Structures are given as C-alpha cells and as structure tokens.
Amino acid sequence: MTTFHVLGFPRVGAKRELKFAQERYWRKELAEQDLLDLAKALREKNWKHQADANADFMAVGDFTFYDHILDLQVATGAIPARFGFDSKNLTLDQYFQLARGNKDQFAIEMTKWFDTNYHYLVPEFHKDTQFKANPTHYVNQIREAKVAGHQVKPVIVGPLTFLWLGKEKGESFNRFELLAQLVPVYVEILNALVAEGTEWIQIDEPALAVDLPKEWVNAYKDVYATLSEKVNAKLLLATYFGSVTEHATLLKELPVDGLHLDLVRAPEQLVAFEDYNKVLSAGVIDGRNIWRANLNTVLDVLEPLKEKLGERLWIAPSCSLLHTPFDLNVETQLQENNPALYSWLAFTLQKVQELSVLKTALEKGRNAVNVELDASQVAADARANSKEIHRPEVAERLANLPKNADQRKSPFGERIKLQNAWLNLPLLPTTSIGSFPQTTEIRRARAAFKKGDLSLEEYENSMKKEIELVVREQEKLDLDVLVHGEPERNDMVEYFGELLDGFAFTKFGWVQSYGSRCVKPPVIYGDVVRPEPMTVRWSKYAQSLTKKVMKGMLTGPVTILQWSFVRNDIPRSTVCKQIGVALSDEVLDLEKAGIKVIQIDEPAIREGLPLKRADWDTYLQWAGEAFRLSSMGVADDTQIHTHMCYSEFNDILPAIAALDADVITIETSRSDMELLTAFGDFKYPNDIGPGVYDIHSPRVPTAEEIEHLLRKALNVVPKERLWVNPDCGLKTRGWSETIAQLEVMMSVTKKLRAELA
C-alpha cells in the first residue's frame, strides 16, 4: 500500500462562497449560524473531494475563517492582550476584530507567508506572554470529519515556526525565550487531538527552509523529544517551500514518525534522505503552481523510492493546496478559447486526481492507469513542442541584446542635468504615484464594455472624460508632474497581461490572499511579446489636455512575474527578462509620443527574495537586469521613475540603487520617515520621493504632520533631490478625501519652498 494525503486544502470554496458569506456577515446581512453552516458544508465538500480521490487521510484543522496562524494564536492563548479578549471564550465577532481591527484597536499586522502571495497575521509576543491551551478549533473539525466517516490527520503549524513567525512587542527580549513555556501548551493541544482517536498528526515546520539562527535549529531536538515522549500519536513533521538538506542529519535523528519533503521546490534534497528509516512523505505534485505534472516523470522518481521504502513511502503535494485555484473543470471559456493551454493545467481537484493516479500506479503498476499516464504524456509532449509557447524570435532577441543593453547611456549625474533643463521644475517637485479614485461609474463602464453593452467608442469616450477630470483636478491643485489616473485599468498586472502575448486569464482561478480577499493571477504560459502599444494613446491624450508634464505609467517586469502563475519550463529569470524587453518597446513608444517622464512600478521586488540569503544575490542580479532592460535605449533626458511600497529596504539598498531609476518614490509615512534614514546612511545617489501621507486611510493629514515628515526627509535627502508625493496610488480613495489630502500636501510644500528658496 502507498499512503496518499494532502497537507491542506483551499478554504474559500469552489466559487468563493466563504468570501461572499464573510462579507455579508460583516455587513450584518447574514446571521452567524448561517455563516457557521456554510463553513461546515465547505469543510465536508473538501473532505469528500479528498475521499473520492482515495486519499488515505483527510487534512483536518486546515480550514479557517480568516487565517490558520490566527487560529493558532487563539489555540495557544496568544492573542494580543491589547484587545482585552479571552481566547477561551472568543466570539466570532471578536475573532474577526483581531484580523480587521475595531474602533479601539488596529488589526493584527499582516505579512507574506514565506515567499508565497498568501498573508498571515503576525503573532505579537511580549516578555510576559502567557500561553494557554484551547484546542477547540481542531477538536471540532476532527469530530465533524469523523461523523462523516473519514480517517483524519489534523494539521497544525509547529511551535518553532509559530514563534519564528511572530514579532517581539513592548519591553526588549528575544521571543525564543518563550519556547520553554509554549511546548507544554502544544503537548496539551496535541493530546486533546489524540483523545479524539487521532492516529497521525501533521506538524508543519516550514521555518526549516529559511536561515534559522543556530539556537533555533538546535532547539528542534529537545522540542520534538518532548512532543514525541508526551503525545501518544504518530507525528509527521512537514517541511516545504525549500530544501532542508543542511538539516538532514538532525531531521533523520528526530524522534518523529515521518518527514514530509518538498520535492518540487527542492528535488535535489531527496538524495540526503534516501536512507531515512521512517515514513517519508514525498511532495511530488506542485502545490504552488497550476501546471499539470508529467506523471511518468514523477513515477520515475517514485518507483525506486517505493522499492526501497515499501509502505513507508507516502505521496502528497509539495505543500498545502491553499495556493492553487479550486477546479479547472469550471474554466469552460478557457477550454473553448485555448484548448491546448487548458490541457496543460491542473487546479486543486486535478492535483488530487494526479496523486490518486500515482497511488494506483505504485500499488498496481503503470498498466493499471495507462490511459491516465498516456493522457499526461500527450499533454507534456504537446506543451514541450508548442509553437504558441516557444517563439524563436523572442529567444533570439534576448540572446542578441547589445552589450550593456540594461545600462543607461550616461551616469545619473549627467542625466539629471539634461532632465532638469527641460523639466524646469520647482524645488521639492510634486507628483502622485499614478492611480486616481476608481469610481462606481468607471467600474460600471468597464464592466459594460466587457459584456458588450458599451461600444468601443462609448467606452473610450467615458475613459477620456475621466482622464480629463483627473488632469483638471491636478492642475487646480498645482501639482508639477501629472498622471492620467489609470481609469482604464482594472488591476496593475492584469491590464498589461491582457495586452501582452504569452499571457492567459482564467475566470475562476481565484486563490486566497488573506481573509476574504482573493486574487486571480494571470497565467504566463508562453514567450512574452508586446504586439502593439498598451498605454501610449491614453498618456498621449492626457498630455494633449495640459501644458504641464505628463508621466507615463507601467507595471515593472518583476511585479508582473511575482503576481502571476509563471510557466515552469524555463527559468523565472528568463521570463522576467522577456517581460522587461517587451516593456522596453512600450517605454520607447511613450518617449516617441512625447512622454518623457515614465514610471515603472516595482512594488514586488522585495517579496521575490529567496528564503535563503545565499540565493539573494543571484535573484537581485536578474531582477535588477530585467527592470533596467524595461527602459533600455531611452534618451538621457527621459526621466525614469519607479515606485516601491514596502517597509524593509536596509538589506537590499545596493540592489535598489543598482536599478538606477532617476527617481524612486517609496512608502514611508507610516514609519515616520524611519525608512528614509537607511537611504541617507547608504548615501542613495539618485532623486527620492518619500511618501508624506498614508493613502490607506481616508483620514486627511494635518499640515503639521506633513511638515514634520518633510522636515525629517530634508535632514536626510538634499533639497535638490527630494520629491513630494503620497505613499501609494489613490485608486481606493474617494474623490473628496483625495483632493483634501493633496491640498494639504501642496500647501505645506509651497510653504517649505518659500523657506528654502
């Protein structure tokens, strides 16, 4: 027998049922019991899908109303004391307030789950944090699954990863010090699961794939010795998102009953564990991407393992299937429009079926599933040989780029003189980050056009009307460098993906980003080409309305890559450079059209960093090259801007400087300009625009607040190189607050200009 299991399942439902129910509940349009009933039905469906595919264990406890790390904070009594809630008697409303904030307390901070596009709620640890076991979340789900007749495997994030993912708050201390009192609470929680008749428990320790300090790594031995001794169940330690080869000796000696390895992200690590003498769960189906596996190739890896391990071989996805859309079968439009691409994809339900086929092949031989294996091989061969994917002219263009194609003609010191000469901007020039409010009217017009209820001419006229409004409002405010407001863009990545060859879009390919927020990433399936200009006519039209400088707006290659499902048949670095080269055609067309200030947004550069620091340089090198390629060939007097909206720059500042953008705008208002200090210490050489107010809030900042931030900025950045702008795009704001916020920004800027003149 070969055991097949999954590490976790999507929570939101095939049609985002949980999202819509949550949002109705928050609007007080749905009763609590109705939300609980819907969640129960979703869990039952998830288990049935696994059971129908002959999974041997159902993943239990992975379902959450918001986030699995928030559930663990509740289960360990580690919810922030500042809310004043009792974790043992927490109501559903209070649970959501932890995630979303309330009138007295801001929400728990959210950040990326390792290097995925999912976000978790960051535990807040204080020196005096007291943990208390509250296993209700897991126990209830075990009982539900058992009533439905399922064999269960509860899933819980392990104590070291849980602590690692948190942050110290209040008095200075190291959260590692809390481990000794956290472990007994885990023992209590796990024993509550054992009391429900649980045989196996999956404990996730993805922190093993990052650069852990030595004391953390060493702690695994004692922690798992305690859990093994005091919990009467078999423990499966799950690692994923990267290689754990460096910990192979430690992991093989841990007193656990099984180990899960991610053999998609790090297939090379298998060699280090082939002599493992307990259960080895092989993560062979990609839990993070949407490509169908070549099952014959996977069996070539599994069959020798099966021979060696026998029943100790388990098979699974590489990680939780939370990161993949639910069901490919509902993508009838994609099947009709691009049947070849459709045949190369596998969503959650298809991945579970792939594992089912592998299980049968390992138990009964390949002949027992030859129809399925043949279909898998046909799809793999068709994809490898498709002319739609592989366009020789793209590879040729990349191979024949001139030497130093990604370098500007002259250094910044020379370029800026040429730019200043024609721009003729005042001291502390002002601009916005790009988007302006997306009103209901804009969204309605876009939806009507997509449905065919609005002609192209009618749609374009409504967008032009909106662009004119945005231009006139900026002129009234007396901003220096204007933008067209991006009314025609639904999303900063999807908009470009729809206009570039090599991209496709699903209709129901949603994945959870956090809570009720889901995203539908584009699919990059082939070589990337820009068939025609994408933004030129809009920017050109906007420029025709004003004598002021108009800024062109593009999303950068790294961000497009990071926020998409990316093809896995060529390196990500190659895909990124293809996007950069395609964007360079757009940049040169904008320049030809008279748009000589062009912003290339890269909010995702940091989140693309590999988990291990040893791999950072390679990534930053190709990411930087792709960004610079996107503006290759521009004249020295064309000014390239970039925008980044994240909070940690210190450790990658040399790479940010190496992008060589003439102007960088960054999100700094919420950190009280602290981020800017790093730029000052580093002596960042080019122009910089730190955000002077937080656009994520409708609140209008006071003149004193903006002046305080600008004066702090002037202490770090020479006045000749300082720009003034909001933190981020204004798409989500209303018009009245947008105008009021920008008015304050402009009045403070003018006051300081007069003072500095």
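Just so you know, glycine gets a Cβ as well, placed from its N, Cα and C.
Worth saying up front: this structure is predicted, and the values here are computed from it rather than measured.
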Further binder of L-homocysteine named by Swiss-Prot next to ILE433, GLY434, SER435, ASP601, taken from the candidates GLU486, GLU488, GLU494, GLU648: GLU486
Additional site residue, GLU625, GLU667, GLU707 [criterion: listed by Swiss-Prot with HIS643, CYS645, CYS728 for Zn(2+)]: GLU667
Further binder of 5-methyltetrahydropteroyltri-L-glutamate named by Swiss-Prot next to ARG16, GLU17, LEU18, LYS19, LYS112, ARG517, CYS518, TRP563, taken from the candidates GLU168, GLU466, GLU468, GLU607: GLU607
Length of the line joining the Cα atoms of CYS728 (Zn(2+) binding site) and SER435 (L-homocysteine binding site), in Å: 9
Beyond the site residues ILE433, GLY434, SER435, GLU486, ASP601: chain residues whose C-beta lies within 8 Å of the centroid, for L-methionine: SER432, VAL483, MET492, MET553, GLN599, HIS643, GLY729, LYS731
Close in space, distant in sequence - HIS643 (Zn(2+) binding site), Cβ under 8 Å, 6 or more apart: ILE433, GLY434, GLN599, ASP601, GLU602, PRO603, ILE664, THR665, ILE666, CYS728
Proximal but sequence-remote residues of the same chain as SER435 (L-homocysteine binding site) (Cβ under 8 Å, at least 6 apart): VAL483, GLY485, GLU486, ARG489, MET492, GLY729, LEU730, LYS731
Coarse DSSP state, helix versus strand versus coil, of GLU667 (Zn(2+) binding site): coil
Nearest of the recorded positions (CYS645, GLU667, HIS696) to GLU607 (5-methyltetrahydropteroyltri-L-glutamate binding site), judged by Cα-Cα distance: CYS645
Whole-number Å value for how far HIS696 (active site, proton donor) lies from CYS518 (5-methyltetrahydropteroyltri-L-glutamate binding site) (Cα to Cα): 19
Rounded to the nearest Å - Cα separation of ARG16 (5-methyltetrahydropteroyltri-L-glutamate binding site) and HIS696 (active site, proton donor): 25
Those residues of the chain, 6+ apart, with a Cβ under 8 Å from that of LYS112 (5-methyltetrahydropteroyltri-L-glutamate binding site): TYR118, HIS119, GLU607
